[in-house]
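Feature list (source: Swiss-Prot):
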{"type": "BINDING", "residues": "Gly169, Asp170, Arg171, Gln172, Thr173, Gly174, Lys175, Thr176", "note": "ATP binding site"}
{"type": "SITE", "residues": "Ser373", "note": "site 'Required for activity'"}
Amino acid sequence: MQLNPSEISELLKSRIEGLGASADIRTQGTVVSVTDGITRIHGLSDVMQGEMLEFPNNVFGVALNLERDSVGAVILGDYTGVSEGDQVKTTGRILEVPVGPELKGRVVNTLGVPIDGKGPIDTKETDIIEKVAPGVIARRSVSQPLQTGIKAIDSMVPIGRGQRELIIGDRQTGKTAVAVDTIISQKGKGVTCVYVAIGQKASTINNVVRKLEEHGAMEYTIVVAASASDSAAMQYLAAYAGCTMGEYFRDRGEDALIIYDDLTKQAWAYRQVSLLLRRPPGREAYPGDVFYLHSRLLERAARVNEEYVEKFTNGAVKGKTGSLTALPIIETQAGDVSAFVPTNVISITDGQIFLETDLFNAGVRPAINAGISVSRVGGAAQTKVIKKLSGGIRTDLAQYRELAAFAQFASDLDDATRRQLERGKRVVELLKQPQYQPLQVWELAVTLYTVNNGYLDDVDVAQVLAFEKSLKDQLKAKHAALIQRIEDTKELSKDDEAELAAAIQDFKKHGAF
């Protein structure tokens, strides 16, 4: 066999041209200083804002400050192994976390690494944690209810899917309890929940996870935990990581609920990082962009339209809207809602639920102040039967609060005022609710109907909750079809109303409570 030299050279040329080898060009820099998880790096000329940086021993950081001759970065995780003179490489990637249904039922840290001891999570996709919120055209108005199962909220401060509703109050007023009850209430409703714990004690987070497991809620819940022992950077980024995990479901035409517990501690962590990066402090020593810190996070909670979902899924999901509902929690100091961070978040959200220490200590739990709690968009999403029945309860409460103040000084009251005070006392008593016992729609409808129509006016205040419980037990036993109709149609027809009235009257005559 004779080889032609020209053929050999042509063959070699074609083989060399076919090699698609490209040089992996990555900038390398040197650590100049390390302080409290913040490092300054010299020599990184083409790094991006928010880019992941690779340190020795498989430690990663995020570039936050891009200055003329150095880069300020936060180290994610343990920074004790990073020292002056270490080589740092750029990765060309923005910080991202694993997303997908595989995360349900698991407890992960800010980076999506499991910390519950149940082994690795086999997720198929990752997504960046900092994303632009959906535009105005991509959104749909809030029109579907998100039942919390809490009487005071569902009747007077209704929440819709895609809404941002702030839970605000001092420490130890039951803020987390409201959030956990809301998660438990989503069982069987097709809502994926994400609970983001920021700066909480590890024991507190463990208690929440245990309660969710006890009530079968972990199967549709993802817990993102950045405890008080984690670095400030991990606490500051946890909320964005959790939001990305929730957006995965929203963008695929599903409904998700995210709870940030709490954004006060996230703001503290961001303040700490900013001051260590030597950014100029502003009011209360917060950096100038602390409003943007929360607004860009909470704007990502939205209800998106069918076109957005169809485009995002490349036509795989059609005719479905997706939603991400946010319940941020803010802790106030001595009831001061006019502080910097509370006023910021109040202005960003679509309403707020105020929890008061005085009410909590008086035994009114959940300690919701109905007078100053408001839902700006939830009214349009409220269930028909609840909307019809809840109008009177807010009026009764408002008049009761007003009259109760005068009644302290007035010795003799006319009959109308006395009746109003008695009705108000029963409404306050009826809105009390034990923890971990969220109500279904029919239960709330029956409760509201009973108080609105005066069936409780002659029941002793101390017996109101016992009356309510016994009445529901009797309805379950004798009027299961009525309950099912109210639950299915979310309406109270004239026939159903007549049957309910007869059932309550019968219970008052023969029932034991």
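The backbone N, Cα and C atoms fix where each Cβ goes, glycine too.
Because the structure is a prediction, the values reported are computed rather than measured.
Mapped onto this structure are the features recorded in Swiss-Prot.
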| residue | record | DSSP (3 states) |
| --- | --- | --- |
| Gly169 | ATP binding site | strand |
| Gly174 | ATP binding site | coil |
| Ser373 | site 'Required for activity' | coil |
Starting from the Cβ of Gly169 (ATP binding site), draw a 10 Å sphere and report how many other Cβ atoms land inside it. 27
When you measure from the Cβ of Lys175 (ATP binding site), how many other Cβ atoms are you left with inside 10 Å? 24
Under 8 Å Cβ to Cβ from Gln172 (ATP binding site), same chain, six or more residues apart: give me those in sequence order, or none if nothing qualifies. Thr357, Phe360
Give the residue from the recorded positions Thr173, Thr176, Ser373 that has the most other Cβ atoms within 10 Å of its Cβ, counting over every protein chain displayed. Thr173
Between the C-alpha atoms of Arg171 (ATP binding site) and Ser373 (site 'Required for activity'), the distance in angstrom, to the nearest integer, is 18
Can you name every residue in this chain, apart from Gly169, Asp170, Arg171, Gln172, Thr173, Gly174, Lys175, Thr176, with its Cβ inside 8 Å of the center of the Cβ atoms of the recorded ATP site? Glu331, Leu355, Thr357, Phe360, Ala367
Tertiary neighbours of Asp170 (ATP binding site) (same chain, Cβ under 8 Å, six or more apart): Glu331, Thr332, Gln333, Ala334, Gly335, Leu355, Glu356, Thr357
Fill in the CA-CA distance, Thr176 (ATP binding site) to Ser373 (site 'Required for activity'), as an integer in Å. 17
A correct count of other C-beta atoms within 10 Å of the C-beta of Gly174 (ATP binding site) gives 19
Applying a 10 Å Cβ distance cut-off over all chains shown, what neighbour count does Arg171 (ATP binding site) have? 12
Taking the Cα atoms as reference points, how far is Thr173 (ATP binding site) from Ser373 (site 'Required for activity') in Å? 15
Given the binding-site residues Gly169, Gly174, Lys175, state which is nearest to Ser373 (site 'Required for activity') when distance is taken between Cα atoms. Gly169
